[in-house]
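Chemist: Here it is, the structure in full.
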Amino acid sequence: MLFNSLQFAIFFPVAALVYFMIPKKLRCLWLLLASYAFYMSASPKYVVFLLFSTLVTYGGGLLVERAEPKKKKLYMWLTFLCSLGVLGLLKYLDFLLGNVNTVLGMAGMGPVNKPFSIGLPVGISFYTFQSLGYMVDIYRGDTKAERNILNYALFVSFFPVILSGPIERSGNLLRQIRELPEKALWNFGRVAGGLTLLLFGLFQKMVIADRIAILANQVFDNYHMYGTFGLTVGAIAYTIQIYCDFASYSMMAFGVAKVLDFGITENFRTPYFSRSMREFWRRWHISLSSWFRDYLYIPLGGSRCGKGRRYFNLMVTFLASGLWHGASWSFVVWGGLHGLYQIIGYELRGVKDRINEKLHTKTDCFSYKLGQVLVTFCLTAFAWIFFRANSLSDAFGYIRRMLTKPDLWNLFNGGLYSLGLDRVEMNVLFVSLLVLLLADLVRYFRKQQLDAFLAEQNLWFRWSVLLALIAAVAIFGIYGPGYDAQQFIYFQF
Amino acid sequence: MKKKLIGTVVFLALAAGLLWKLNDVFSLKQKDGIVPMELFYEQEPGTIDVMFYGSSHTYSDINPAVLWEQEGISSYDLAGSLQPLWNTYYYMKESLKYQRPKVMVVELVRAIESRDYIEEARTVTNTFGMKFSKEKIENIRVSTPNNLIPYLLGYPVYHSRYTELSREDFAAYLGDPHGRASKGYYPLYVTKSYDSMADMSGVTESSDLAPKSEEYLRKIIALAKEEEIPLVFMISPYQGIIGEEQRIFNRCGEIAAEEGIPFLDFNQMYEELGLDPKTDMAEASHLNYRGTEKLSRYLAGWLASNYDLADHRGDEAYASWEENAADWKQKDLNQMLTEEEGWYDFLQRLAENDGTYTYVIGLTGAYDNGEQPVGEVLAELGVPQEVLTRGGVFIGGVDGGRALAGGTDGSCVLEFAASDLEVKVSGGNQSIVYSGESALKTLNGINVLVYDHFTGSLVTAVGFDAENGYACVH
């Protein structure tokens, strides 16, 4: 069930209204039922893996907490093995066999066939990581194992976050679930704020992401037809698409949770305003970045070690992040590229300072900061080519053509309108992007989410913005028969 | 809390109003299927004596205005584009909730449909004019295996029409001043000439209908029996018929005979209609407005002599049929003017118009080649001598009486319901601009633009080129 579907438009009001009306002690059960209904609406059979992951980590958590210090680690690793084993079998076996068969083929041997055929359960990477994070928290003594199975099952399956995150921590979501019977719940401003975020998320997804996806898909799927101009526009388009797509989902999840009086992790903080790649990863997919930081990078030694070891830790973390996104070499290269960006960033730090000093470059002014933002944006966009391309060879082909087929005349002869979106659609896109830019500027400079910003404004302005957003989604949203339902990109992970 | 509650209600009302208006503007306004159904609901209950159902062969081939003019029969075309028999069945069920016709005529050309589901864009949209009802839901379900909810809502289907919005989307009844009086007829004002109609007299054997088509044909028969309303089956004549289609129509005839239902197969009777394939076809499948009149006159006579149908002419309750007939006559007159190629007959028709036209005559260059009595005819229309001598522009008819002679500087703007008309003369140059487009067709000759106030539309803008013997230029 997508947030931008008719089913959700019926499901959510019903789920929320019942939630507000039933006795406090039934709230957890109701949300759990609603979450499973939400999850099963997409693919009922995959609920088995959700239940398995829930039960394994629930039991594992209790075992780790009660075990003698010597056995804690063993139980934790056993739980990891079970959870990651399922994830590995379902998500990475194809990739592994593909590579093994390539090697076997080169050695003149027959291929190994996959012994089973099960698709990838939606959201499995998210809920697996969420429950493993919980395990580590218990092992470290940061949180107590949850004894109430209903509370824990809701923590793993909470419907606003189960499909695409944010990957929640026990210290946040589980704590709020435990406090559920004490919550006052109905608060007019909070519900209105949550719905405002939901509306803006719909705008970002249906008007921008799904529209610009038409252009990005056209260019990436037919990259051999385009030169420097078209391929650069395509790469920028995908850079915007993936942000709008994923950030919109996170914003909607945030809004939906807020209506239900849950505060979940903010997953994006205007990442394309970052002035360095390090900053980018503090603003992009924050829940995953922090997960890898806390549960992989720091245990590996983090940055409190020698340079070589630090770079190794960085590279391992980013390669793992790449693999988390998908089982293919494209994602591995994408992760590796980001690791490389980090290492180069460290190495160039001193050089950059010396050059600035010699050239008397002002570094505390708008133009310098803008330059940093643009460079970061370009590096990010370049890396997204590997992320989006249909294969690793396509990614290299794409980049090769982008660098060797100059066709700048297309910038002036209307070539922009031959990339899948005509002039009218382009105009709609530009205006929508301007609206998004304004919202992101508010977020960046005033450090406020849209709902908080609007709540401070006069009624006429607030209502005008909301009505304009409703009209924009209703008119310019990409939906209805004739369009394939545009799934959120991060569902596949 | 109370204040916030009121605020919420007001905001939700505003949002609902906004969405309602958006739906109104963006909704599909196809004359073939949607508008006829919407207008049907506006008919006074119990006023329609004859209902015609079917596909384009109904709404383009049967003109209720002719039945009204000839026999005073109140009839209505309730039909949609490419409409298969299952759509027709639900149209019938829906219509019988509002009207109690004395005869139901079902045009059966789409009995040839062999698919269970056909193009959604063409047929499911035919359900968009229906009010929310059990019949509408069933009509959609039987038309498509997918997308019930979006089709039921309608808006998800047509919300992306923002690139094709036009004036009609913002005006009631598509901006047609007599659109409200329409009885579902959608004339085709084009002509394609054929040497002959297809001779189907030798096709005597029959072929079965596809199962779904036969199922709904039987349901139509059962519905008529249940409602105790006489049923008539007919096949409109069309030039492009092939033998296999005729065999299916023969089977329809057999079923009709078994059930005691009159069956009028006009592909076997087109000579009785007096159809001329050279002038009466719009294309291979449909009659044009001339052919339609012939078929409709035959039907009027046949229905009047076989059923007890009252003559409602003069009855105030049937004023909309009167208005519809007047609209039809005027539109046919306009069409005949459009088709007129000779300058003399064209100007004569202008002179004979009984006060519904405003026309602009622009005399450019050497408009009078001295070979024909152009000056005299124009003078009879009221073109002043000054304009006849020096060229220029004359505006006649309803908003007429103005002239801008060549060699002077002047302009005038006429505000019409459909669009504005701007006329300018500057020295030896002149311009006639209607709806942003130049209406000057020749630089040496007679340019004429005609606007009809009755139909609220531009009739034509033509030129008669003096250098080419006053050949008509469109």
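Any Cβ shown, glycine's included, is placed from N, Cα and C.
Pulled these from TrEMBL:
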TRANSMEM  A:6-22  transmembrane segment
TRANSMEM  A:48-64  transmembrane segment
TRANSMEM  A:76-98  transmembrane segment
TRANSMEM  A:118-137  transmembrane segment
TRANSMEM  A:149-167  transmembrane segment
TRANSMEM  A:187-203  transmembrane segment
TRANSMEM  A:223-240  transmembrane segment
TRANSMEM  A:322-344  transmembrane segment
TRANSMEM  A:365-387  transmembrane segment
TRANSMEM  A:426-445  transmembrane segment
TRANSMEM  A:465-483  transmembrane segment
Chemist: Six or more residues beyond either end and a Cβ under 8 Å away: which residues meet both conditions relative to the transmembrane segment (A:465-483)?
Modeler: 4, 196, 199-200, 202-203, 206-207, 210-211, 214, 428, 432, 435, 454, 457
Chemist: With pairs fewer than 6 apart in sequence excluded, do the transmembrane segment (A:365-387) and the transmembrane segment (A:48-64) have three or more C-beta pairs that lie under 8 Å?
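Modeler: No; fewer than 3 Cβ pairs under 8 Å.
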Chemist: Short question: which residues 6 or more past the ends of the transmembrane segment (A:322-344) have a Cβ under 8 Å from it?
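Modeler: 91-92, 94-96, 125, 129, 277-278, 281, 288, 311, 314-315, 379, 382-384, 386-387, 389, 391-392, 395, 492-493.
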Chemist: For the transmembrane segment (A:223-240), give me same-chain residues lying six or more residues beyond its boundaries with a C-beta closer than 8 angstroms to one of its C-beta atoms, as numbers and ranges.
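Modeler: That would be 208-209, 212, 215-216, 272, 377, 380-382, 384-385, 387-389, 394, 397-398, 401-403, 405-408, 410-411, 415-416, 419, 433.
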Chemist: Using a Cβ cut-off of under 8 Å, list the residues of the same chain at least 6 residues beyond the transmembrane segment (A:76-98) that approach it.
Modeler: 49, 52-53, 56-57, 59-61, 63-64, 111-114, 118, 120-121, 124-125, 128, 131-132, 135-136, 139, 323, 327-328
